[in-house]
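Database features (TrEMBL):
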type	residues	note
DOMAIN	16-501	domain 'Major facilitator superfamily (MFS) profile'
SIGNAL	1-21	signal peptide
TRANSMEM	124-143	transmembrane segment
TRANSMEM	152-173	transmembrane segment
TRANSMEM	179-201	transmembrane segment
TRANSMEM	213-235	transmembrane segment
TRANSMEM	241-259	transmembrane segment
TRANSMEM	330-348	transmembrane segment
TRANSMEM	360-384	transmembrane segment
TRANSMEM	391-407	transmembrane segment
TRANSMEM	479-496	transmembrane segment
Amino acid sequence: GMGRFQVASALLLALPVLMMASHNLLQNFTAATSDHRCRLRWEANATGLDLQDLVKVSVPRGERCQRFVTPQWWLLEVNGSAPNSSWPETEPCRDGWTYDRSVFTSTIITEWDLVCSSRGLKQLAQSLYMAGVLVGGIVFGGLSDKFGRRSLLIWCYLQMGVMGTCSSFSPTFTVYCLFRFLTGMAFSGVVLNSVCLCMWPPPAPRGWGPPRAMGTFMGYCYTTGQFLLAGIAYAVPDWRWLQLAVSLPFFCFFLYSWWLTESARWLVMVGKSQQALKELQRVARINGKKEEGDKLDIETLRSYMQKEMASSKSRHTALDLVRTPVVRRISCCLCFVWFSTSFAYYGIAMDLQNFDFNIYVIQLIFGAVDIPAKLLSILTITFVGRRFTQSTTLILAGLAILANVLVPRDLRTLRTALAVFGKGCLAASFNCVFLYTGELYPTVIRQTGMGLANTMSRLGSITAPLVKMVGEVFPTLPFIIYGAAPVVSGLVAIFLPETRDMALPETVEEVE
């Protein structure tokens, strides 16, 4: 059950989760786009004109990516007209750009001129980070099964600190993307192994037992981290220092993570029963139950784990997710749900500047909406059902995003309210689908099914920034896609079986 050890472990594992949102959503601030124009050929004091007049004759009004080939002095005249009654010739910004630094003193956009023809590189950087999260789940998932959860968690804390710090000192955009990719890999390793090390109490698949409570606690820590990001970003407007500020804490997490205890379940599964026994007795001492710990022996431990050990030795592969009709239908539906939820979530969460509002306030509001959204989803999951909650949250989220396409840009408050509502529904969808997926798959292929779900979620987060590039040609198309995807997957979710008040299936045959 829960004791001093479990509480201390949960707190130590939760602290890094506070900083996880900072890395996932960091590019909202480190890659924020400021107002910009072509850099002028001449300095204001060299021509005798003030800066405003010099800009007027050098750059077309409202133009960010073009400048006049020659200065258009006629524009300074009150009733001036273009020579030869035609608009003067323009050219790209050959000497670089000048940026408004009133909000952000420095970003990767101003550092490497990721504007105009290079503006798509901003979205590419975020997609590469998310690709790292996907690859990290595959790589560190396999390595943690071989070397242990604790060892990989310690390594991932160190990798996240080192790679994040290196990102802040990146000399070029290519090097920055490489370090961000490696940071994303470490992020995935931290998430996977933190969840495993949280599972010290006995599993409680129904009701609010310790594992469910810990999972919920971790989820709210991530939400709180979104508030923290807004505060840190406001205090540190330079992107390099901001990147450093959210990376250095992981060195502290690396240092204290050596106190954490390896998963006893993993130790037994790999045949290290003696070490598992020592770890359990250590936990018993910390919890003030030394006598109960001393009574434990290897045979008792193996007997308790016999069912799990038998399941792990049974031959099941990823093909079992599509081999039989019902499980195949479940897998297809869940793939849609996981992909669409992540796709739309990051499509909204990574586009704060689109709402023409104070970006720090928007970040706070976007973080705050997750709290009531998750609470409401818990109530509907418990008292109404999983299928209803999953389908409703996705359809409402999609409709809110689609409605925003029709709202004029000058109605900022309404646009922001719809986006906040949509993001809250997607947070509730995430909350539901994580539980729902675990209940739909039978024990023998549950981890495989969760792995597939995680992969689809990462593919959604990778695709979301790339879809924004379409907005350069059709500005509303990305939001139509972000809205349509959840609506379709919400309708697909109707075909999933309801699992409320039902026993967890053990075998594929039970599901069929």
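Backbone N, Cα and C atoms are what each Cβ position is placed from, and that goes for glycine too.
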**Item:** Whether the transmembrane segment (179-201) meets the transmembrane segment (360-384): three or more C-beta pairs under 8 angstroms
**Value:** no
**Range from 152-173, 213-235, 241-259, 330-348, 479-496 with most C-beta pairs under 8 A to the transmembrane segment (391-407)** = 479-496
**Non-local residues, at least 6 beyond the ends, that sit with Cβ under 8 Å of the transmembrane segment (360-384)** = 21, 25, 28, 216, 219-220, 223-227, 229-230, 233-234, 348-349, 352, 392-393, 416, 420-421, 423-425, 427-429, 431-432, 435, 500
**Maximum Cβ pairs under 8 Å to the transmembrane segment (241-259) - stretch from the list 124-143, 152-173, 479-496** = 152-173
**Asked** Near the transmembrane segment (152-173), which same-chain residues lie under 8 Å Cβ to Cβ, leaving out any that are not at least 6 residues past its ends?
**Response** 16, 23, 108, 112, 114, 121, 125, 140, 143-144, 179-180, 182-183, 185-187, 189-190, 193-194, 197, 240-241, 243-244, 246-251, 253-254, 257-258, 260
